[in-house]
Amino acid sequence: MKASPHRPTKALIHLGAIRQNIQQMGAHIPQGTLKLAVVKANAYGHGAVAVAKAIQDDVDGFCVSNIDEAIELRQAGLSKPILILGVSEIEAVALAKEYDFTLTVAGLEWIQALLDKEVDLTGLTVHLKIDSGMGRIGFREASEVEQAQDLLQQHGVCVEGIFTHFATADEESDDYFNAQLERFKTILASMKEVPELVHASNSATTLWHVETIFNAVRMGDAMYGLNPSGAVLDLPYDLIPALTLESALVHVKTVPAGACMGYGATYQADSEQVIATVPIGYADGWTRDMQNFSVLVDGQACPIVGRVSMDQITIRLPKLYPLGTKVTLIGSNGDKEITATQVATYRVTINYEVVCLLSDRIPREYY
């Protein structure tokens with residue numbers, strides 16, 4: 001989807017806030033810990049290339065989801081190590097060697113498929129993924145890890161790292177987290193040769209389980225100033241939200257009592273009301289379930305009335321405002337603020353999803 005720069009809807013990205021968040025997190029982890037910035041999914045909706053360029057001197061490398069995201073960074077001139085967290089297709093191995101990417105190895109079947117196709121693995125760098133309880137990709141048995149490491153090294157592969165991912169690091173109970181940690185440690189203890197880089201800490205682990213950090217951390221949600229737990233756990237220190245979502249009033253009118261708004265005529269004015277239209281809708285990632293949520297105009301909460309359309313919403317104003325008046329959907333306006341977590345709570349989801357769903361139609365502006 002192409003960006004639409006000729007309408008007032010935009011996401012403002014505070015790159016300085018992201019850098020400050022990295023520095024803040026770095027000040028609370030063991031000295032010498034490598035910092036890997038997770039910029040997958042277009043840097044959680046913040047813009048992968050712009051974010052990576054802004055923080056490249058503050059981190060030791062980047063993490064992405066797939067090889068196409070990695071290629072985008074390399075072609076933009078980013079030279080630091082890039083770890084691809086997902087499983088890559090066999091055909092991607094040649095690209096990984098060409099662009100100097102680090103691949104994730106999650107199973108013996110993948111290695112065997114490479115060997116069956118006689119793919120030249122010499123010079124490839126990989127990290128082994130351990131499924132300690134997340135249930136997605138990764139080795140579960142120590143014997144398989146040892147076999148994989150031997151096979152890879154026999155064929156000229158550099159097994160640089162090993163990692164896992166915690167399912168409940170952002171929850172109040174530590175029971176499952178501790179069980180996962182013990183499984184991971186057991187596998188590490190069984191290895192004849194532990195790879196140089198060992199990382200298990202996502203944002204939540206980095207924030208609330210700092211004592212379990214190995215020698216690298218993966219900074220994701222928290223790097224963008226978001227609380228990985230939503231409202232479950234308090235942040236141990238301040239982080240600055242980097243994204244503001246704004247638009248403006250493009251149409252304002254007074255409607256009589258009984259007037260209806262939106263598809264399905266689900267909202268009917270019970271008195272004379274001032275109704276305004278804002279050019280943002282579900283095609284932009286402002287989903288249909290946001291009906292009745294309030295946005296900010298002139299420091300005042302104004303409810304979304306009627307269903308969210310593909311391209312527009314209608315809101316009820318306390319009085320007439322001129323066209324072009326700013327509307328804040330995420331961020332501060334006057335003395336009020338709407339956070340991504342508040343939006344997520346209203347949607348019964350997580351703040352990760354809120355920012356990731358903001359579509360490419362919304363231009364990102366950086367400062």
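Note that the numbers count up from 1, one per residue, in the order the chain is shown.
Glycine is treated like the rest: Cβ placed from N, Cα and C.
Worth saying up front: this structure is predicted, and the values here are computed from it rather than measured.
Swiss-Prot lists LYS40 with the feature N6-(pyridoxal phosphate)lysine. Look at Swiss-Prot and you will find LYS40, TYR263 tagged as active site, proton acceptor, backed by sequence analysis. What Swiss-Prot lists as N6-carboxylysine is LYS129. Under the heading substrate binding site, Swiss-Prot lists ARG136, MET310, citing sequence analysis as support.
Locations of recorded Swiss-Prot features on the structure.
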| residue | record | contacts (Cβ under 8 Å, 6+ apart) |
| --- | --- | --- |
| LYS40 | N6-(pyridoxal phosphate)lysine | ALA48, CYS63, VAL64, SER65, ASN66, GLU69, LEU85 |
| LYS129 | N6-carboxylysine | THR104, VAL105, ALA106, ILE137, GLY138, PHE139, ILE162, PHE163, THR164, HIS165 |
| ARG136 | substrate binding site | HIS165 |
| TYR263 | active site, proton acceptor | GLY306, ARG307, SER309 |
| MET310 | substrate binding site | GLY281, TYR282, ALA283 |
